[in-house]
Amino acid sequence: MFKKSKYFTVRPETKREIPEGLWIKCQCGAILFAKDLERNLKVCQKCAHHFRLTARERIRITLDTEDFEELDAGLAPRDLLGFPGYAERLAANQKQTGLNEAAISAEGTIGGHRVVLVVMDSHFIMGSMGTVVGEKVARAAEHAVRNRLPLIVFSASGGARMQEGILSLMQMAKTAAAIGRLDSAGLLYVSVLTDPTMGGVSASFAFLGDIILAEPGALIGFAGPRVIEQTIRQKLPDGFQQAEFLQEHGFVDAVVPRSRLKDTLIKIIGMHQAG
């Protein structure tokens, strides 16, 4: 009289694995498709936040072609002071980034103009400046003098590299002296400050440019805002140490969005050469 109900087992669909890095969350909360973000030069389409670039990415969007001459590619850091764990950290960062150090120097063209370029990479020990980074900046300036070329430096650094102690701090004087020789030769030096430009880098070559540009929202300064607040026991103004704040107070000549940065550099170089 009563039939037994039949039940069917519904097999759950196989869980689809989403590739890592396919989506990226911006600080504004927007979820961005990685390929769209890359096409937009790694600038958020919702809030215009400028994500940090690797040195290779920066070179690719700045130089006319990827066919450039890398300078001093064989220079690599060593653990000169026997700092605990430093050798292992260097090896790990070299493997992760594919770089020898936190900076790449090169000669290439921008808008057809030959230039010497130095690009720092904050993904390598926070772009900190040790002996090799300082040497690359100094040699790039000397290369520019020998070949009568303008120098463009993209800074992205947390400051001096503590694992190299006084040897790292010495790079501040060395790079400043090299930039001084470039200036004496009457050659153009454009400094581009990107997020972050802090510590010994900001206190040396980063602020010695004939023209100083910055990307929107970049953190720029010597000590971090938290350290300053704890020292002076006062609340800092909103936006303190951001690129726009520094422009308002005369420390930066212009804040230029990444999409317009290459054209701006081309105009600056062209005007300097025409003069």
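Each residue, glycine too, has its Cβ placed from N, Cα and C.
Among the features that Swiss-Prot reports, domain 'CoA carboxyltransferase N-terminal' is placed at 21-275.
Taking H, G and I as helix, E and B as strand and the rest as coil, DSSP gives the zinc finger (26-47) the counts 6 helix, 4 strand, 12 coil. Residues annotated as zinc finger in Swiss-Prot: 26-47.
If you look up Swiss-Prot, you'll see Cys26, Cys28, Cys44, Cys47 marked as Zn(2+) binding site, on the strength of sequence analysis.
Here the Cβ of Cys44 (Zn(2+) binding site) has 18 other Cβ atoms within 10 Å, regardless of which shown protein chain they belong to. With the fewest other Cβ atoms inside 10 Å of its Cβ, the least crowded of the binding-site residues Cys26, Cys47 in this structure is Cys47.
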